[in-house]
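*Asks:* Let me give you the structure first, and then I'll get to my questions.
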Amino acid sequence: MAEQLTEEQIAEFKEAFSLFDKDGDGCITTKELGTVMRSLGQNPTEAELQDMISEVDADQNGTIDFPEFLNLMARKMKDTDSEEELKEAFKVFDKDQNGFISAAELRHVMTNLGEKLTDEEVDEMIREADIDGDGQVNYEEFVRMMLAK
């Protein structure tokens, strides 16, 4: 399934994988998965985390390695994000719930994920998604950005 991914997508997923793989050992454990999900405002139970891992854990060793992660991401992309998932994701970024993602809100979420971005990088991300040029990202722009991936 991962064969259908572009090199750019694989590089992005590699970056995402290393955000999850806190200790850099090449595997994502339930603990690491939980940490990242909680930093995104989710609160998965231990059982839910186990389920997520065993769903893609091809060699049944209890962790996710990069090839397994790629398969998971390829599968998720095929299911393309449901309206509901996109609304949830937007809420994670839109901290003050005003219907817009500001540069500060984007920086806050990325920092929680352990991603240290320069102001320039954050501004660049906003610029890429900001179609109407008001300096922030509304829900429409967010959906367009997520579906363009």
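Cβ atoms are placed via backbone N, Cα and C, with glycine included.
Features from Swiss-Prot:
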type	residues	note
BINDING	Asp21, Asp23, Asp25, Cys27, Glu32	Ca(2+) 1 binding site
BINDING	Asp57, Asp59, Asn61, Thr63, Glu68	Ca(2+) 2 binding site
BINDING	Asp94, Asp96, Asn98, Glu105	Ca(2+) 3 binding site
BINDING	Asp130, Asp132, Asp134, Gln136, Glu141	Ca(2+) 4 binding site
DOMAIN	44-79	domain 'EF-hand 2'
DOMAIN	81-116	domain 'EF-hand 3'
DOMAIN	117-149	domain 'EF-hand 4'
MOD_RES	Ala2	N-acetylalanine
MOD_RES	Lys116	N6,N6,N6-trimethyllysine
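Can you walk me through where each of these features ends up in the structure?
*Replies:* Sequence-distant neighbours of Asp25 (Ca(2+) 1 binding site) (same chain, six or more apart, CB under 8 Å from its CB) are absent.
In the three-state DSSP reading, Thr63 (Ca(2+) 2 binding site) counts as coil.
DSSP assigns Asp96 (Ca(2+) 3 binding site) to coil in the three-state reduction, placing it in neither a helix nor a strand. On its own chain, Asp96 (Ca(2+) 3 binding site) has Glu105 as residues at least 6 apart in sequence with a Cβ closer than 8 Å to its own Cβ.
Sequence-distant neighbours of Asp130 (Ca(2+) 4 binding site): residues of the same chain at least 6 apart with a C-beta under 8 Å from its C-beta are Gln136, Val137, Glu141.
For the domain 'EF-hand 2' (44-79), the model's pLDDT averages out at 85.
If you look at the domain 'EF-hand 3' (81-116), the same-chain residues 6 or more away from its ends with a CB under 8 A from one of its CBs are 19, 22, 36, 39-41, 122-123, 125-126, 135-139, 142-143, 146-147.
Here the domain 'EF-hand 4' (117-149) has long-range neighbours at 9, 12, 77, 80-81, 86-87, 89-90, 93, 99-103, 106-107, 110-111, meaning same-chain residues at least 6 beyond its ends whose C-beta is under 8 angstroms from one of its own.
In three-state terms derived from DSSP, Lys116 (N6,N6,N6-trimethyllysine) belongs to neither a helical nor a strand segment and is classed as coil. Every protein chain shown contributes to the tally, and the Cβ of Lys116 (N6,N6,N6-trimethyllysine) ends up with 9 other Cβ atoms within 10 Å.
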*Asks:* Taking the Cβ of Glu141 (Ca(2+) 4 binding site) as the centre, how many other Cβ atoms fall within a 10 Å radius?
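*Replies:* The answer is 19 other Cβ atoms.
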*Asks:* Find, among the binding-site residues listed as Asp23, Asp94, the one whose Cβ has the highest number of other Cβ atoms within 10 Å in the structure shown.
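*Replies:* Most Cβ neighbours within 10 Å: Asp94.
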*Asks:* Long-range neighbours only, meaning 6 or more apart in sequence with Cβ under 8 Å: which ones does Asp59 (Ca(2+) 2 binding site) have?
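*Replies:* Those within reach of Asp59 (Ca(2+) 2 binding site), by Cβ under 8 Å and sequence separation of 6 or more, are Asp65, Glu68.
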*Asks:* Would you list, in sequence order, the residues of this chain other than Asp130, Asp132, Asp134, Gln136, Glu141 that have their CB within 8 A of the centroid of the site's CB atoms, where the site is the one recorded for Ca(2+) 4?
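*Replies:* For the Ca(2+) 4 site the neighbour list reads Phe100, Ile126, Ala129, Ile131, Gly133, Gly135, Val137, Asn138.
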*Asks:* Work out how many Å separate Asp94 (Ca(2+) 3 binding site) and Glu32 (Ca(2+) 1 binding site) at their Cα atoms, rounded off.
*Replies:* 24
